[in-house]
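Step one of this worksheet: look at the structure below.
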Amino acid sequence: RKMTALLIICFCLILGSLGNPQFPEQEKDPKFWNAWAQRTLKNALTLQELNKNKAKNLILFLGDGMGIPTVTAARILKGQLNGQSGEETQLEMDKFPFVSLSKTYNTNAQVPDSAGTATAYLCGVKANEGTLGVSAAAVRSQCNTTQGNEVTSILKWAKDAGKSVGIVTTTRVNHATPSAAYAHCVDRDWYSDNEMPVEALQAGCKDIARQLFENIPNIDVIMGGGRKYMFPKNMSDVEYPNILKHSGTRKDGRNLVQEWVDRMKDKKNHYVWNKTQLLSLNPNNVDYLLGLFEPGDMMYDLERNTESDPSLTEMVDVAIKILKKNPSGFYLLVEGGRIDHGHHEGKAKQALHEAVEMDRAIGRAGLLTSDHETLTIVTADHSHVFSFGGYTPRGNTIFGLAPMLSDVDQKPFTSILYGNGPGYKVINGARENVSAVDYKGNNYQAQAAVPLNAETHGGEDVAVFAKGPLAHLLHGVHEQNYIPHVMAYAACIGEYREHCMSPSGSAGLRPAFSIVAVILSAARLLC
């Protein structure tokens with residue numbers, strides 16, 4: 001029986017391999033590869049003329065947990081969704097001319113979390129894990145270490161410079177990534193006052209949802225999930241009435257949404273909670289938009305109700321159309337936040353489809369803006385212990401099996417695996433036979449080497465893709481907190497205003513701190 005089962009599995013693997021798309025005939029000819037390389041070289045040579053314009057607009061796309069293996073796998077998935085083998089496909093971010101690496105560690109963590117990293121790429125300083133918008137002098141969960149250690153973000157720098165600003169995420173709008181743009185909080189889990197210890201409230205610390213509306217009162221566009229944290233405790237949710245887990249959480253009884261509506265009533269404001277309401281808006285008639293589409297995080301794109309829930313691409317489309325009306329330009333933070341959640345759950349299919357959707361949003365943003373005046377950066381806060389391998393043939397479905405059995409336990413295995421996580425399964429003292437389960441299912445948990453309830457982050461560097469004015473400053477390997485400094489320098493905001501005072505309006509490459517150069521020039525004149 002064992003031999004029969006083994007033969008069946010091998011036969012299935014062979015059939016699966018035979019059914020894979022064959023590589024194109026033209027790839028057998030060296031001329032094909034030489035011509036492709038020469039076209040690429042020609043395009044690379046055009047980059048010698050650097051874009052030194054001042055950046056009117058700034059866009060940061062943050063793929064939460066989108067490490068380099070995730071980028072590669074998402075590229076293959078995108079191609080396979082379009083009927084191709086996948087490996088040769090280009091993601092929108094692949095088309096960006098400048099690529100660098102970002103070192104993601106937190107000040108107190110070799111493998112980081114999303115709060116400390118968000119503080120780095122938004123506020124320009126590295127911080128401790130679990131803390132938002134505060135320096136490394138602040139200690140997680142210790143309220144009394146907040147005051148005096150606050151650091152501001154590039155979103156605030158842009159707002160202070162007269163630009164419109166926006167936040168779009170597929171997570172809660174008060175989740176780690178977006179929160180660092182506006183909050184100063186020693187604990188990323190303080191979503192509302194309901195999640196805070198009594199001592200912290202008594203000491204005067206504010207929950208993150210409250211800070212969203214109070215710290216920078218006029219954020220032009222806010223879209224994502226997190227509705228329940230804005231409403232009084234047990235107040236029924238508009239979309240899921242009488243379901244307690246979706247009801248309001250606030251113990252202070254405040255209705256933050258209604259307060260926002262009342263405060264902005266004379267400013268062309270709109271509050272929406274579903275796709276129909278969002279897409280019915282005329283961006284020309286909207287100056288301020290608050291969109292909260294779920295009580296918690298938004299649904300995975302594979303599970304999204306396409307009638308009632310907007311996609312990330314649709315949210316980005318509306319956001320840019322509203323923000324770009326400002327003649328002074330805009331700053332937009334876009335987070336593909338549920339890439340991270342998919343990986344934590346060991347559900348690679350969910351994670352990769354989230355990454356592909358974010359890439360669609362990147363493409364949409366590119367159509368709505370110009371590289372001449374818009375600096376666009378795509379990066380991740382950290383990676384995951386996600387991998388794919390196993391000598392799979394060209395065109396192998398990214399969610400498929402490796403073309404061999406394990407030479408140890410004689411069982412098949414999927415190409416995608418995790419270093420740890422909930423996918424660790426032992427059946428009758430041995431590794432689970434994946435051929436007996438639906439390993440291509442949306443919620444299949446890929447096998448993991450170490451059992452954990454939630455898979456962990458990875459500690460390796462992540463990619464930074466950049467295009468637009470001064471994008472070439474993102475090169476080589478940098479600390480993660482370097483990113484907002486480049487963006488601020490390119491746009492002449494925050495601490496980087498002086499170097500843009502030239503009549504040409506060009507941001508140029510003249511260093512912002514050029515005191516030594518001035519002294520030397522003066523010395524030459526005097527001598």
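Going from the start of the chain as shown, residues are counted 1 onward.
For all residues, glycine too, the Cβ spot is worked out from N, Cα and C.
Copied from TrEMBL, the annotated features are:
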- 1-19: signal peptide (SIGNAL)
- D64, D340, D381, H382, H457: Zn(2+) binding site (BINDING)
- D64, H175, T177, E335, H344: Mg(2+) binding site (BINDING)
- S114: active site, phosphoserine intermediate (ACT_SITE)
So which other residues, same chain and not among D64, H175, T177, E335, H344, have a Cβ within 8 Å of the centroid of the Cβ atoms at the Mg(2+) site?
L62, G65, S114, T169, T171, A176, G337, R338, I339, D340, H341, D381
Cα-proximity to E335 (Mg(2+) binding site), 10 Å cut-off, over recorded positions D64, S114, H382, H457
D64
I'd like to know which of the recorded positions S114, H175, T177, H344 sit within 10 A of H382 (Zn(2+) binding site) at the Cα level.
S114
Which of the binding-site residues H175, T177, D340, H344 has its Cα nearest to the Cα of the residue listed as 'active site, phosphoserine intermediate'?
T177
Of the binding-site residues H175, T177, H344, which sits closest to D381 (Zn(2+) binding site) by Cα distance?
T177
Neighbourhood of T177 (Mg(2+) binding site) by C-beta distance under 8 A, where only residues 6 or more apart in the same chain count:
L62, D64, S114, A118, T169, T171, L333, E335, G337, D381
Rounded to an integer, what is the Cα-Cα distance in Å between H457 (Zn(2+) binding site) and H344 (Mg(2+) binding site)?
8
Let me spell it out: for each of the binding-site residues (H382, H457), count the other Cβ atoms within 10 Å of that residue's Cβ, using every protein chain shown. Which one has the most?
H382
Between H175 (Mg(2+) binding site) and D340 (Zn(2+) binding site), the C-alpha gap once rounded to whole angstrom
12
Ten-angstrom check, please: count other Cβ atoms within 10 Å of the Cβ of D64 (Zn(2+) binding site), all chains counted.
30
Of all the binding-site residues given, H175, H344, which residue's CB has the most CB neighbours within 10 A?
H175
Under a criterion of Cβ-Cβ distance under 8 Å and sequence separation of at least 6, what residues of the same chain contact D340 (Zn(2+) binding site)?
D64, G65, S114, A351, H384
